[in-house]
Amino acid sequence: MEILLIVLGAVVAGLLCPVQTAAEATITLTGSDIPTSISIHHGTRTPTSSGELSQSTFSSSSTNSSDSFYTTTSASYTLLVGSHTTSTVTANETTLSGNATATETSREPQPTNTRPCNGYAEFCARSYGNITQVAAHNSPFVRPGNIASNQELDVVTQLNDGIRMLQFQTHLVNGTIYLCHSSCDLLNAGTLESYLKKVADWLRDNPYDVVSLLIGNGDFVGVKNFTAPIQSSGLIDHVYTPKNHSIALDDWPTLSEVILSGKRAMVFMDYEANHGEVPYILDEFTYIWETPFSPTDRNFPCDIQRPPGLNEADARKRMYMANHNLNLEISIAGATILVPNTVLLNETNAVSGFGSMGAMAGNCTEKWNRPPNFLLVDYYNIGNVNGSVFQVAAKLNNVTYNGKCCGRTTSLASESVLGRLSGKLEMIYSMIVINILVMTIL
């Protein structure tokens, strides 16, 4: 089992001078809250107390070595590694099989993990491709009363609550990338740069978290149009660049490895990504496939829709996203458009029951023999119980959700009359805009 030990507190250059052997290597890290270097050593012996730990990071994975190198110090430390367990859990009669992988039991007692990765200590030793994460559909589109809105809480609150993938749609307007839903006349959430700056700031304040971003390239513009906002926002300091342009499901690094690298922002784009031009913007469909997009069917079939033509054998080698944002078809001026079905949110985002996230997750897990990697939702903070979408993800990950987020138990449609009236004017405006857009198309 791999063990990664991280020292907490300030690390002053020159204070640590461990003797290196041929089996060791030094890695330079970035970030104010993690050490400036780590030593990696392969051996069989694992330290069982803080007195046996050096102010360096060790990885113990080889079963052939007869000894190990650990210097003695009483400095405080954090163990960045998660336990591996396999279990089947039940969410209100919905059976969910988890992501954890069983490993051989160690002969010696293991230290207890004290530092969570993405909120859970168990995630640290798991592959990025072996974790289920909740994704905010159209994360920036927070506009009370606007028919095109998909979330109620801002991006910083989303991240604080536990959202670990941010999905959004972009449009190029006069040389600037904006966050707009279908049309910038319908809902304009500002520039991509401004949004990414908030994400970059959050990453700096949370050095043990990995965040994924999924860019919807609404205008199919060239990938280089996205480099300026990524660089100017400061997100460039955190973006992950893979060693090659195709990583199989089982080949993703562990969360602790990603965290130690300092590159904790995984950036994907649905169309026009080009590894040769911009290697840190990953082509979504090379790594991830999706279930039906903009679903209106409450059964939420777990079939491959994007990329089209992907065969089952290749799909099993990739991560996958379950689109669980229920939509409603409405007709305006003879045209049909899709809007979020807010009336059924407390059922759609529920732990169990027909049309629930729990039921969908169980169906997908049974069909593909593994849970979805990403659960895409509207209004993540609404469900049948507090943090219901996070409860479903936790059960899929074989961990216990103890968060205290969000979690209203009523749908938007059942709010007070006063609450609904507060957004009435903007709703009327958005409907007028939709009418104009439809008439323009016709």
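Backbone N, Cα and C define each Cβ position, glycine as well.
Annotated compositional bias 'Low complexity' per Swiss-Prot: 48-67, in sequence order. The N-linked glycosylation site annotation in Swiss-Prot covers ASN64, ASN92, ASN99, ASN130, ASN174, ASN225, ASN244, ASN346, ASN363, ASN386, ASN398 and is backed by sequence analysis. If you look up Swiss-Prot, you'll see 36-67, 91-115 marked as region 'Disordered'. Here Swiss-Prot flags 1-23 as signal peptide.
The structure, with features from Swiss-Prot marked on it.
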residue	record	CB count, 10 Å
ASN99	N-linked glycosylation site	22
ASN130	N-linked glycosylation site	23
ASN174	N-linked glycosylation site	5
ASN225	N-linked glycosylation site	18
ASN244	N-linked glycosylation site	8
ASN346	N-linked glycosylation site	23
ASN363	N-linked glycosylation site	16
ASN386	N-linked glycosylation site	16
ASN398	N-linked glycosylation site	23
By CA distance, which of the glycosylation sites (ASN174, ASN225, ASN346) lies nearest to ASN99 (N-linked glycosylation site)?
ASN346
Distance, ASN386 (N-linked glycosylation site) to ASN346 (N-linked glycosylation site) (CA atoms, angstrom):
11
From the Cα of ASN130 (N-linked glycosylation site) across to the Cα of ASN244 (N-linked glycosylation site), what is the distance in angstrom?
19
Looking at the glycosylation sites listed here (ASN130, ASN174, ASN225, ASN363, ASN386), whose Cα lies nearest to that of ASN398 (N-linked glycosylation site)?
ASN130
Out of the glycosylation sites ASN130, ASN363, ASN386, give me the one sitting nearest to ASN225 (N-linked glycosylation site) by CA distance.
ASN130
Near ASN363 (N-linked glycosylation site), which of the glycosylation sites ASN130, ASN174, ASN386 can be found within 10 Å, Cα to Cα?
none
When DSSP is mapped onto helix/strand/coil, what comes out for ASN174 (N-linked glycosylation site)?
coil
At the Cα level, what's the spacing in Å between ASN174 (N-linked glycosylation site) and ASN130 (N-linked glycosylation site), rounded?
41
Taking just the CA atoms, what is the gap between ASN130 (N-linked glycosylation site) and ASN386 (N-linked glycosylation site) in Å?
25
